[in-house]
Every structure is written in structure tokens, then in C-alpha cells.
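J.: Dumping what TrEMBL says about this protein:
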DOMAIN    6-121  domain 'Tetrahydrofolate dehydrogenase/cyclohydrolase catalytic'
DOMAIN    140-288  domain 'Tetrahydrofolate dehydrogenase/cyclohydrolase NAD(P)-binding'
BINDING   G166, R167, S168, T241  NADP(+) binding site
Amino acid sequence: MTARVLDGKQLAQTMRVEIAAAVAARTAAGKRPPGLAVVLIGDNKASAAYVRNKQKGCAEVGMGSWLHHLPVHTSESHLLALLDTLNTDPAVHGILVQLPLPPQIREDAVIHAVGPRKDVDAFHPENVGLLAAGFPRFVPCTPHGVVHLLRRNDVPLAGREVVVVGRSNIVGKPLALLMMQKATTANPAGCDATVTVAHTRTPDLAAVCRRADVLVAAVGRAGLITPDMVKSGAAVVDVGTNPGAAGKLVGDVDPAVAGVAGALSPVPGGVGPMTITMLLANTLRAAELLDG
Ligand SMILES: Nc1nc2c(c(=O)[nH]1)N[C@@H](CN(C=O)c1ccc(C(=O)N[C@@H](CCC(=O)O)C(=O)O)cc1)CN2
């Protein structure tokens, strides 16, 4: 078997056209274009590239974006003061602080300081709570990208066994919530699946993974998921972004898994591009919620 490729690059592009149409309709109706403020601290090359792509995405769909690039030694209080200003700026609908942060700045303090109505990453505890309760204000970008990638490729989820390997706040936990939740009008990203969350301390990880009709790997360990861990015909989504040889990005899934899986979302070209498109979708939603 050679797995069907779940092409995130192409789907992200299709969804951007849909978002651009919604933005154009808003501006034609005399509304302010959605605007995203992006805060980048320091000179991490990968972070700078992600931020560039986020701004490029904004331009592509007709949204405004502002980059606040702060030096690596920026103090936490300086960053919090900037966030205060952005929280009250009516042109700014979404605020994003690129992670990871330098060590003098507490991630938790920053996550709490982004106004929950502008928190397009959906990291603020208020938004985490709303998601957990099944009434998300914003759906976190990477998990939402995974759900769209599977749905738009007709991978069945309702009633299926989904195994999420990884328990991070950004991917594993929120994705497990979406996968287990009932699909409702308030929560169309709910998937009605039966969900197992596994991680590096799970005994016999291979046996747990082999149960999956849909297997999602989000651990951050290159090549962790090998062909013997995958049920024949399963859909496999790779969310890993690990540094490989010659500056290449490597996923958590061994490429040989393509010989066993029915469908495979690769790295690069799978969930990554979807993450940025879902950020644009959240910025549009923030503008709709804030400005009507
Ligand atoms: N504030 C946030 N910080 C971080 C997030 C986030 O969602 N919000 N996630 C990651 C980084 N990230 C977005 O910020 C991100 C990672 C990867 C990609 C992507 O498109 N990857 C491409 C490959 C790119 C390459 O070759 O280098 C792919 O997978 O095809 C987009 C966004 C941590 N920080």
C-alpha cells in the first residue's frame, strides 16, 4: 500500500481563498479589515520564518498585520506593556506572541496578558475553558488544522478510534478535546471520535497506536512512529517539527509508514501550512466578534 497524501499546502491555499472572500465582503460593507499584531522576541530563525509566513498570509487574504520585533533581552514588563496597548487598539483584532520566548519572560504571564477576545492562538485560560466546555470562542490553530485536513479529505472520524500521541497544551490536549467532542452548531470542529491520549510514558506505545483508525503524532521526536506501530489503512497525521540534517524539517513519523497507512499527512506540507491558515480564520472571527 502507498498512502494517499493529505496535502496541507493545497488545502491551506483553498481555505485562504475562502477567507479572502469573507474579508473582501466585510471591507465592501464598510467594515475595518481584520488586523493581526504579531510579536516576535529575539532572533530565532525558525520563529522569524513562521512570523514572515503569518504576515504574508495576512497580506494574501487582505488583512492588516503589524510586526513588533523586540530584542532578545526585552524585559517581561516591557512586553506586557506592549500587550496592554495592543489589547486596547481598535485596529488590532488578533494578537499573537510567537513562541518560544527567551528565558527571562514567563510564557504563562504572556498567555494571561493577551486579551482573551484577541487571543487568536486560543492559549488564554478563558479560551481553553470555553473549548473544554464545548463552546470555543477560538479553536486553537494546529488542532483545527488537523481536523480540517482530515474532514476535507473525507477521512471518517465519528465513532472511530483516534490515538493522539502527545499531550502538549498547543496540540495534544486541545486536539484530544476536539476529537472526543460532539459536533454541534457551537462547536462544528467536534469529531465524535473515541479518543486515547498516549505519550512517552505510555507502556507499549506501539500496541496503543495500532488500535488507531486515525493516528496523530505530536511529540517532537523524529521518526518515533514506525510502520509496525500503524494499523494497515489507518490515516496518520504528522505534527512533529524536528530539526533534521542539512537544516531540513523532519516529522515524528518515519516516512516508511507510507507503506502501511491508507493516508498520510507529511512534514513538510501537511499540518504546518494549515496552522497559519487557521490563524487567519481566527483573526477573521475575532474581527467578526469585536466589530460585528
Ligand atoms: N504563538 C505561537 N507560537 C508557535 C506556534 C503557534 O501556533 N503559535 N506553533 C509553532 C510554530 N508555528 C507557528 O507559529 C508553525 C510551525 C510550522 C509551520 C509550517 O508551515 N511548517 C512547514 C515547514 C516550514 C519549514 O520548512 O521550515 C510545513 O510543515 O510544511 C507553520 C507554523 C511554535 N510556535
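From the backbone N, Cα and C atoms, a Cβ is placed for every residue, glycine too.
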J.: DSSP on the domain 'Tetrahydrofolate dehydrogenase/cyclohydrolase NAD(P)-binding' (140-288): how many residues come out helix, how many strand, how many coil?
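T.: Split into helix, strand and coil, the domain 'Tetrahydrofolate dehydrogenase/cyclohydrolase NAD(P)-binding' (140-288) gives 55 helix, 27 strand, 67 coil.
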J.: Treating G and I as helix alongside H, and B as strand alongside E, what does DSSP give for the domain 'Tetrahydrofolate dehydrogenase/cyclohydrolase catalytic' (6-121) in helix, strand and coil?
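T.: Counting residues by DSSP class gives 60 helix, 19 strand, 37 coil.
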J.: Provide the number of Cβ atoms within 10 Å of the Cβ of T241 (NADP(+) binding site), excluding the reference atom itself.
T.: 20
J.: Go through G166, R167, S168, our binding-site residues, and report the one whose Cβ sees the most other Cβ atoms within 10 Å.
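T.: Buried the deepest by this measure is G166.
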J.: Tell me, what is the mean pLDDT of the domain 'Tetrahydrofolate dehydrogenase/cyclohydrolase catalytic' (6-121)?
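T.: Taking every residue in the domain 'Tetrahydrofolate dehydrogenase/cyclohydrolase catalytic' (6-121) and averaging pLDDT yields 98.
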